[in-house]
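Listed in Swiss-Prot for this protein:
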type     : residues         : note
TRANSMEM : 1-21             : transmembrane segment
TRANSMEM : 78-98            : transmembrane segment
TRANSMEM : 160-180          : transmembrane segment
BINDING  : K183, K656       : substrate binding site
BINDING  : D186, D190       : Mg(2+) 1 binding site
BINDING  : D216, D432       : Mg(2+) 2 binding site
SITE     : D220             : site 'Important for ion transport'
SITE     : D227             : site 'Important for ion transport'
TRANSMEM : 237-257          : transmembrane segment
TRANSMEM : 291-311          : transmembrane segment
TRANSMEM : 318-338          : transmembrane segment
TRANSMEM : 353-373          : transmembrane segment
TRANSMEM : 404-424          : transmembrane segment
SITE     : K462             : site 'Determinant of potassium independence'
TRANSMEM : 468-488          : transmembrane segment
TRANSMEM : 506-526          : transmembrane segment
TRANSMEM : 574-594          : transmembrane segment
TRANSMEM : 595-615          : transmembrane segment
BINDING  : D623, D649, D653 : Ca(2+) binding site
SITE     : D657             : site 'Important for ion transport'
SITE     : K668             : site 'Important for ion transport'
Amino acid sequence: MELFPIIPAGGILALLVALYMTSSVLKEDTGPKEMQTIAAAIREGAMAFLNRQYRTIAGLALIVAVLLALLTRQYHTAVAFITGAFASALSGYIGMYVAVNANLRVAAGARNSLNKALTVAFRGGAVTGLAVTALSLLGVTSLFYAFGGATNPTRAPLDIVGFGFGASFVALFAQLSGGIYTKAADVGADLVGKVEAGIPEDDPRNPAVIADLVGDNVGDCAGRGADLFESTAAENIGAMILGIALVPFFGVKGIVFPLVARAAGIIASIIGMFFVRAEENQDPMAALNRGYIVTSILAIIFLYPISRYMLSGPGVNFIYFYGAGIIGIVLSFIFVLITQYYTSYDYRPVKEIARASITGPATNIISGVAVGFESTALPVVFISLAILGAYWLGLKSGLPGGGLYGTAVATMGMLSTAAYILAMDTYGPITDNAGGIVEMSGAPEEVRRRTDRLDASGNTTKALTKGYAIGSAALATFLLFSAYIDEVKIALNIKGNFPVDIGKPEVFVGAFIAAMMVLLFSSTAIRAVGNAAQYVILEVRRQFKEIPGIMEGTAKPEYGACVDIVTRGALKEMVLPGLIVVITPIIVGLVLKAEAAAAFLMVGTITGVIVALFLNNGGGAWDNAKKYIELGNFGGKGSEAHKAGVVGDTVGDPFKDTAGPSLHVLVKLISTITLVLAGLFI
């Protein structure tokens with residue numbers, strides 16, 4: 001157990017570095033009064049939404065915790081659920097607080113140099129990445145030992161599955177409400193402001209502009225933070241459950257290996273973060289990529305001694321497990337490249353949509369849907385190769401049943417860079433907000449150019465991290481499916497395989513319902529954006545009509561009215577899709593039993609991953625097709641192609657920022673629900 005101290009050391013170091021970076025960001029110059037006033041409105045709106053969101057989620061979580069205690073008759077599960085929910089909410093709160101304070105400092109820093117603004121923005125994002133991964137690691141570790149991990153290590157992992165369920169529960173509602181908020185505000189601001197009134201983006205005359213900027217934080221910052229928090233927590237717990245079978249070969253090392261690997265990944269991310277700096281004329285994306293490459297190389301290096309020490313035994317060659325970990329790290333790189341290909345305007349798919357816009361909105365939509373469907377192929381091929389490759393390496397290791405553990409190590413490899421990836425993701429809304437503050441405050445053109453460059457790189461990082469999130473979700477849910485099968489075998493005292501026969505009517509029906517649920521959930525999430533956006537559109541139109549002088553700039557819009565309308569709409573609309581996901585797997589498991597629940601989990605994961613890829617990449621491609629036209633291609637701004645591009649972008653908004661990211665959470669939530677309630681499905 002000599003490597004055990006790395007676990008608390010990695011978590012505590014991450015929190016200390018996050019504290020240092022928070023202090024570093026808050027010490028920066030806050031700029032002129034005009035910037036401070038705008039930033040204060042964004043901060044007030046974002047924190048008010050977060051407080052109301054968490055109050056709503058807390059009430060729902062309390063009800064679920066009581067039901068869990070009554071159904072499972074185990075206080076461990078309910079305590080773990082509440083702990084996971086609280087830790088997930090806390091990490092989101094920390095990230096949001098720093099993001100809404102960093103945006104102003106980035107805008108002010110852009111008056112001096114690009115590097116100053118980049119450093120502040122990335123450090124603001126790094127706080128979220130470090131807080132999320134540290135709280136996930138420390139939460140799982142603390143519960144493992146609190147529930148008897150030192151004396152009964154083969155039982156404790158089964159008692160802490162509620163932590164993953166709690167994290168997933170909060171993540172689903174945080175991602176849903178945040179996604180509904182950000183896109184309802186965005187659609188409302190764009191359709192009335194840009195299309196009807198003909199004013200540019202982030203124009204202070206637009207009554208929905210503050211709500212739009214608030215939405216960037218609650219969707220991309222708090223939502224994605226909760227998403228990756230549950231990925232790391234659920235993956236750790238799933239791998240620990242698989243590790244129970246390895247105790248005869250590795251002792252307790254097989255169970256705690258995921259925690260040590262996670263801590264090493266956090267340390268690699270911390271080092272990589274300090275390599276992010278850029279010259280005035282350098283592309284900010286190059287600086288961010290440098291840090292990512294350093295993080296990935298260090299993760300590969302650190303994984304070697306950990307694998308050698310913890311996964312070696314009589315007749316077992318650790319090098320195969322090390323190879324499986326490298327597969328996971330390489331897969332994360334490949335996912336980034338695939339996402340970039342389908343969502344960047346440097347490549348064919350986006351240019352194809354932009355060209356189709358010349359003949360109107362209909363051909364834009366047709367082309368975007370085609371690109372979205374096409375974009376599912378390569379990710380599925382590489383996920384499949386990664387799972388098969390890692391499984392084969394696990395089998396070659398000499399460990400009986402080592403194939404599944406090989407896939408677990410691959411998942412650990414992919415998630416080893418999670419802290420850095422999440423820092424890149426939160427960097428996106430911070431730079432977006434900074435650009436809005438600069439635009440609304442009337443800063444000089446040079447400052448706007450700097451924030452535009454940062455914002456462009458931020459849009460790229462947001463798209464890339466969605467690709468990473470769905471790839472890690474796919475691997476994590478395969479791991480959790482294996483953990484569910486293991487738990488059922490333990491409950492039934494089965495020594496061999498537990499076959500899932502899709503030819504049985506009840507098993508087929510369980511699978512069928514899962515595919516339907518994914519599409520029904522997506523429908524309700526997209527409709528929720530439309531419903532909430534209608535309220536915003538009506539309010540913006542009302543203000544343009546009833547408040548004279550807004551368009552002339554002599555009267556100030558009522559920003560707070562739009563913020564309040566979107567907040568109430570998002571919290572109301574999140575309930576139905578959320579309940580669909582929580583209730584459906586429970587009904588399937590209780591009525592159709594464990595084998596049908598396994599089929600539900602398997603098909604729900606497959607359908608969820610593919611639909612999420614379609615929604616994320618299709619929406620991202622529509623967004624950048626519009627941006628490509630705005631650069632002066634196919635007629636530029638104001639042309640018929642541009643109008644068609646705006647329509648496509650508006651359709652893609654709820655795809656890529658609401659339904660798509662929520663599906664990442666859905667596939668993990670159905671896994672953790674079935675894990676927690678497996679005993680009731682027997």
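Glycine residues also receive a Cβ, built from the backbone N, Cα and C atoms like all the rest.
Under 8 Å from some Cβ of the transmembrane segment (291-311) lie the Cβ atoms of residues 2-3, 122, 250, 253-254, 256-257, 260-261, 264-265, 267-269, 271-276, 318-319, 321-322, 325-326, 329, 332-333, 397, 409, 413, 416-417, 420-421, 424, all in the same chain and six or more residues away from its ends. Between the transmembrane segment (160-180) and the listed ranges 78-98, 237-257, 468-488, 574-594, the one holding the most Cβ pairs under 8 Å is 78-98. On its own chain, D657 (site 'Important for ion transport') has G179, T182, K183, D186, G219, D220, G619 as residues at least 6 apart in sequence with a Cβ closer than 8 Å to its own Cβ.
D623 (Ca(2+) binding site) has K656 as its nearest neighbour among the recorded positions D216, D432, K656, K668, going by CA to CA distance. Using a Cβ-Cβ cut-off under 8 Å and counting only residues 6 or more beyond its ends in the same chain, the transmembrane segment (237-257) has close neighbours at 1, 4, 7, 140, 144, 149, 153-154, 157-158, 160-161, 163-164, 306, 309-314, 316, 399, 401, 404-405, 408-409, 411-412, 476, 479-480, 482-483, 486-487, 671, 675. When Cβ-Cβ distances under 8 Å to the transmembrane segment (404-424) are tallied for each of 1-21, 318-338, 468-488, 574-594, the top count falls to 318-338. Within 10 Å of the C-beta of D653 (Ca(2+) binding site) we count 23 further C-beta atoms, all protein chains included. Local packing around the recorded positions D190, D227, D432, D623, D649 was summarised as the count of other Cβ atoms within 10 Å of each Cβ; on this measure the leading residue is D227. Same-chain residues lying 6+ beyond the ends of the transmembrane segment (574-594) with a Cβ under 8 Å from its Cβ atoms: 60, 64, 169, 172-173, 176-177, 180, 488, 506-507, 509-510, 513-514, 517, 520-521, 524-525, 528, 600-601, 604, 662, 666, 669-670, 673-674, 677-678, 680-682. Measuring Cα to Cα from D432 (Mg(2+) 2 binding site), none of the recorded positions D227, K462, D649, K656, K668 fall within 10 Å. Residues 176, 179-180, 500, 576-577, 580-581, 584, 588, 592-593, 595-604, 607-608, 611, 615, 654-655, 658-659, 662-663, 666, 670 of the same chain, all 6+ positions outside the transmembrane segment (506-526), place their C-beta atoms under 8 angstroms from a C-beta of that stretch. The Cβ of D216 (Mg(2+) 2 binding site) lies under 8 Å from the Cβ of T182, G428, P429, D432, N433, each of which sits 6+ residues away along the same chain.
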